[in-house]
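Residues or ranges marked as active site, proton acceptor in Swiss-Prot (evidence: sequence analysis): LYS164. The annotation S-adenosyl-L-methionine binding site is assigned in Swiss-Prot to GLY63, TRP65, ASP83, ASP99, ASP124 on the grounds of sequence analysis.
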Amino acid sequence: MSKQKHSASSGRWLKEHFDDKYANEARKKGYRSRAYFKMEEIQTKDKLLTPGMTIVDLGAAPGGWSQYAAKIIGDNGQIIACDLLPMDPIAGVSFLQGDFREEAVLDALLERIQPNMVDVVMSDMAPNIAGNNSVDQPRAMYLVELALDMCRQVLATNGSFVVKVFQGEGFDQYVKDVREMFKTVKVRKPDSSRARSREVFIVATGYKG
């Protein structure tokens, strides 16, 4: 992609962002990001979160999902969050900055988690976009595969998984893989997700262990 095209695309994203009612509402209410509303919509439909839960949040920064989840799970719950980028503190959230694709970071993350004791794994991870779908889609699918592998390592029986996935090559097979591991799997497109975005959210419940 040329710099001119990339600049035009970036400019369009910025205009959409500042015109977007969800982004504006997030700023007004002091929410970390518009992602707060995506998790709120998923929770309204699927009731994944309950007080006292233990949650792992991958790709957490700037903290929209953790911020919403912390409100639901309360003081008796805990959230272990991880991201490459820094994240301002959130009460009830233990944050680890680093790339969990690296063994040392993954080990540090797992040290904070009791095996098979996590109630929900949630992942809003996305790769740095190159503007070339043949590059971007495999990168995105690699991240969601890692998130699914995290479920295998830490999720309790009957636990839940919510993950952002971009539709494209590998998507259908990924949904099949998730269905093999969970009793119920739904694909959600929240109203707060931009219509032209290929992102959807897989909501899986009843981890078979």
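Glycine too: its Cβ is placed from the backbone N, Cα and C atoms.
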Inter-residue C-alpha distance, GLY63 (S-adenosyl-L-methionine binding site) and the residue listed as 'active site, proton acceptor' (nearest angstrom): 15
Under 8 Å by Cβ from the residue listed as 'active site, proton acceptor', same chain, sequence gap 6 or more: GLY59, SER123, ASP124, MET125, ALA126, VAL144, GLU199, VAL200, PHE201
Most Cβ neighbours inside 10 Å, all chains, among the binding-site residues GLY63, TRP65, ASP83, ASP124: TRP65
Same chain, 6+ residues apart, C-beta under 8 Å of the C-beta of ASP99 (S-adenosyl-L-methionine binding site), given in sequence order: LEU84, VAL105
DSSP-derived class (H/G/I helix, E/B strand, else coil) of TRP65 (S-adenosyl-L-methionine binding site): helix
